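First up is the structure itself, then whatever we jot down about it.
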Amino acid sequence: MIAAIKDIIKNSNHIAVLTGAGVSTASGIPDFRSSEGLWTAERSREELMSSAFFHENPEEFWHYYKSIFKLKLLQNYGPNQVHRFLNELEYGRERVDIVTQNVDGLHTAAGNGNVIEYHGTLKTASCPVCGTTFSLEKVIEETIPYCSCGNILKPDVVLFGDMIRFHEEAENLVKKADLTLVLGTSLSVMPFNMLPMVATGTKILINNYPTDKDYMFDYCIHDDLSEVIEKLKA
Ligand SMILES: [Zn+2]
C-alpha cells in the first residue's frame, strides 16, 4: 500500500492536508484532545476554556489558560519529520494547503505557505476591542496581558463557543484538491471531521488507530505516523 500511496502523492498537483494532534506528538507536544487530553477531560475545563468564561472573568480565564496550555513550554517545541515532509511536498507542485486542528504553529514554523489554523493559534493574542495582535512573548511575560488601549487580550485559539471562521474556506480547498491527505487525527471533532466528506479527489488517512470515518477513504493506514512518513520518503 505504501508504494501505491507514494505514486498517488507523486502524481498529485494540488494536495490538501488535514492534520491533527498525531502530527505534533512527535514534537513532544501532548495530545490535548485525546482521551486524557484537554478537551474531553472534564466538563469544568470546557467551561473554563469557553468564550463565555473569558467574557465573564478574563483575569481568572488567563490564569487557567496559561496553566492548561503550558504556554511557557511552547517555545521549546519545534517542527518534526512529519511537518518537514509536508513542507517538502510544496516543491515542484502547484499547491499544498494545510488545514490543521493544531494550535502550536508548527506547520508555519516548518515553512508551509498555505496553512489554515482551523482551531486558531496559541502563538498570539488579540485585543477584542481594537483588534491589535500581540506575540506569545508578551502573553507569557504579563500575568494578564493588556492591550495598549486598556482592554484585556483574548487568545487567538478558538475557545468553546467561538465561531469556526475558516470552515467554508477549508471546504473549498478540499473540493479543489486532487488528493486529500488526513494525518494524525481521529476525526472526532466537529465540524472539522466533515471536511473529508466534501473532498472530491483521492482520500488517504494515516492515523495510529482506526477512526469512525475510515469508510470515507480510498486508503487507510493505521500505524505510527512518523514511521509511515519515513517509509513514504524512502
Ligand atoms: Zn486594544
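Residue positions begin at 1 at the first shown residue.
Quick reminder: no glycine exception, Cβ is built from N, Cα and C everywhere.
Here is what TrEMBL says about this protein:
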ACT_SITE  His119  active site, proton acceptor
BINDING   Cys127, Cys130, Cys147, Cys149  Zn(2+) binding site
DOMAIN    1-234  domain 'Deacetylase sirtuin-type'
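Shown here: features listed in TrEMBL, placed on the structure.
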residue: His119; record: active site, proton acceptor; DSSP class: coil
residue: Cys127; record: Zn(2+) binding site; DSSP class: coil
residue: Cys147; record: Zn(2+) binding site; DSSP class: coil
Integer Cα-Cα distance in angstrom, Cys149 (Zn(2+) binding site) to His119 (active site, proton acceptor): 26
Confidence summary for the domain 'Deacetylase sirtuin-type' (1-234), mean pLDDT rounded: 92
Output field, Zn(2+) shell: CB within 8 Å of site CB centroid, site Cys127, Cys130, Cys147, Cys149 dropped: Pro128, Val129, Gly131, Thr132, Ser148, Gly150, Asn151, Leu153
In sequence order, those recorded positions of His119, Cys130, Cys147 whose CB lies under 6 Å from ligand 1: Cys130, Cys147
Under 8 Å by Cβ from Cys127 (Zn(2+) binding site), same chain, sequence gap 6 or more: Thr133, Phe134, Cys147, Cys149, Asn151, Leu153, Lys154
Sequence-distant neighbours of Cys130 (Zn(2+) binding site) in its chain (C-beta under 8 A, six or more apart): Cys147, Cys149, Asn151
Listed in sequence order, residues with CB under 8 A of His119 (active site, proton acceptor) and six or more positions away: Thr100, Gln101, Asn102, Val103, Val157, Val158, Ile164, Phe192
Fewest other Cβ within 10 angstroms of its own Cβ, chosen from the binding-site residues Cys147, Cys149: Cys149
